[in-house]
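Peer 1: Okay, so Swiss-Prot annotates it like this:
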| type | residues | note |
| --- | --- | --- |
| BINDING | 15-22, 79-83, 134-137 | GTP binding site |
| BINDING | T22 | Mg(2+) binding site |
| DOMAIN | 6-204 | domain 'tr-type G' |
| REGION | 15-22 | region 'G1' |
| REGION | 58-62 | region 'G2' |
| REGION | 79-82 | region 'G3' |
| REGION | 134-137 | region 'G4' |
Amino acid sequence: MTEGRKPHINVGTIGHVDHGKTTLTAALTTVLARKLSGANKVVKYDEIDKAPEEKARGITISTAHVEYETEGRHYAHVDCPGHADYIKNMITGAAQMDVAILVVSATDGAMPQTREHILLAKQVGVKDIVVWINKCDVVEDEEMLSLVDMEIRELLSQYGYDGDSIDAVRGSAVKALEEDADGPWSDKIMELVGALEKIELPMREKDKPFLMSVEDVFSIPGRGTVVTGRIERGVVRVGDKIDIVGLRELQSTVCTGVEMFHKALEAGEAGDNAGILLRGIKKEDVERGQVLSAPGQMKSYKKFKAEVYVLKKEEGGRHTPFFANYQPQFYVRTTDVTGSISLPAGVEMVMPGDNLSIEVALDKPVAIDKGLRFAVREGGRTVGSGIITEILE
C-alpha cells in the first residue's frame, strides 16, 4: 500500500425489500459529509436508486457504488436496488463485500429475503456482518425492539455467524437524513460507522501465497518457456520454486525470470499481468487453464458444491429448464471444463432465473478452491454464474 493511503474496506447493504437499504446508504454519505468533511460527498436517495446497469461475467446487474471515509479508513459501499440484482451480485462477485450491513425494519423484523441474504452472504464468504435496525422512530415499544434484536441475532447464529457478539445499532435512516448534523439520529449513524471501524481489515491479496492462472504459453529460443497471465495473489520472485497444477499430473519447477511489458523484473505481484519463465519445462508441458502456485498450496479436484444463479432468457440465458445430469462447461479461471450437475433432493428441474445449490463433477481435475467464482457456459455463451462453497474430491 502506498504511503498516505487509508486502508480500504468493501461494504454492502443487504436485507429485505423496502426495509431501508438505499435510505441508509444515503444517510451514511450525508451524515459523514456533515460530520467529517473532506472527501465525503452527499449522495441522495434518487441517485442511488437509479443505479446504472453493469455487466459482470456476462450478466447485467444494477448496482450503485458510493464511497465515504473516516479518519482512519476508506469505504467503498455497494447497494443494489432489486432483490434479483443482489443475488446476481453476490454470486458473480461483481462487487466484493468484506462486511455486510444487514438492514432490518423494526416494524417487520426478519422477512424471507432477510434470511436469503444472510444465507447467501455466508455461502459467498462475507466474513463480517453488522446489523442496522431501521425505522425505530415509528416503534415506541422498547420491548418490540428488543425482540427484533434477539430474533436477528438468533437468525445470524443459525447461519453460522456469531449472533451474540455482532453489533446491532437501532436507528432511523429517514430521520437522520431530515435532522441537522448534531441530532440524535445522526449519532446513531455514527454508531453504525463505529461498528464498521471495528471490523478487522481483510488480508490483502499480495500477502497470500503466490497463485497465477495460465493464459498463454510461449517458447522463447535460447531462454525457455514463458507462461503469461494475471497474478491472482501473492508475489513471485526469480529463483522461487513453483508448482504447475491442474488438468495433468502436478509438476514442480523454478521461476527463472519475471517480465512485464518486455522488461525483466525481480518479482511480480498480485494484480500484475506478467510473463513467468520456467526452468526445464517444454512448451507442450503447460497449457491454458492450469495454475502456477507456491509449492504445496494448490491441488486439483473434480467434485465440488456450488451456489449458482441461472440466467433468464432476457439475460441471454437458456430458454428452457434443465434437469439433473445436465452437462454444460464450467469456465474456471482461464478455461472451460465439461462437468455434470446433480440437483438437491426434491428438485426436479431448474428454471432460467433460479438460484440454488448444486453439486458438480468435472471431467478433468482443475485447480480450484472454496470461494472461487465460475461461469456456466453452453456453446460459448454464459448461461449461469456460480461460486464454489465446498470442495468434495
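Each residue, glycine too, has its Cβ placed from N, Cα and C.
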Peer 1: In DSSP terms, helix, strand or coil for G15 (GTP binding site)?
Peer 2: strand
Peer 1: CB neighbours of C80 (GTP binding site) within 10 A?
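Peer 2: Total other Cβ atoms inside 10 Å, all chains included: 25.
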Peer 1: Taking a Cβ cut-off under 8 Å, which residues six or more beyond the ends of the region 'G4' (134-137) line up next to it in the same chain?
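Peer 2: That would be 19-20, 23-24, 103-107, 145, 170-175, 185.
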Peer 1: Cβ-Cβ under 8 Å from C136 (GTP binding site), same chain, 6 or more residues apart: which ones?
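Peer 2: Within the chain, C136 (GTP binding site) has Cβ neighbours under 8 Å at A106, L145, R170, G171, S172.
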Peer 1: Using a Cβ cut-off under 8 Å and a sequence separation of 6 or more, which residues in the same chain sit near D18 (GTP binding site)?
Peer 2: S105
Peer 1: Would you mind checking how many other C-beta atoms are within 10 angstroms of the C-beta on K21 (GTP binding site)?
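Peer 2: The Cβ of K21 (GTP binding site) has 26 Cβ neighbours within 10 Å.
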Peer 1: Which ones in the same chain are close to G15 (GTP binding site), with CB under 8 Å and 6+ residues apart in sequence?
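Peer 2: Those within reach of G15 (GTP binding site), by Cβ under 8 Å and sequence separation of 6 or more, are K21, L102, V103, V104, Q113, T114, H117.
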Peer 1: Using DSSP, what is the helix/strand/coil residue split across the region 'G4' (134-137)?
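Peer 2: With helix first, then strand, then coil, the region 'G4' (134-137) has 2 helix, 1 strand, 1 coil.
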Peer 1: Would you mind reading off the Cα separation of H83 (GTP binding site) from T22 (Mg(2+) binding site), to the nearest angstrom?
Peer 2: 12
Peer 1: Which one is it: of the binding-site residues T22, H83, which Cβ has the fewest other Cβ atoms within 10 Å in this structure?
Peer 2: H83
Peer 1: For the region 'G2' (58-62), would you mind checking the mean pLDDT of the predicted model?
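Peer 2: That stretch averages a pLDDT of 79.
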Peer 1: Provide, as an integer number of angstrom, the distance between the C-alpha atoms of C80 (GTP binding site) and T22 (Mg(2+) binding site).
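Peer 2: That comes out at 8 Å between the alpha carbons.
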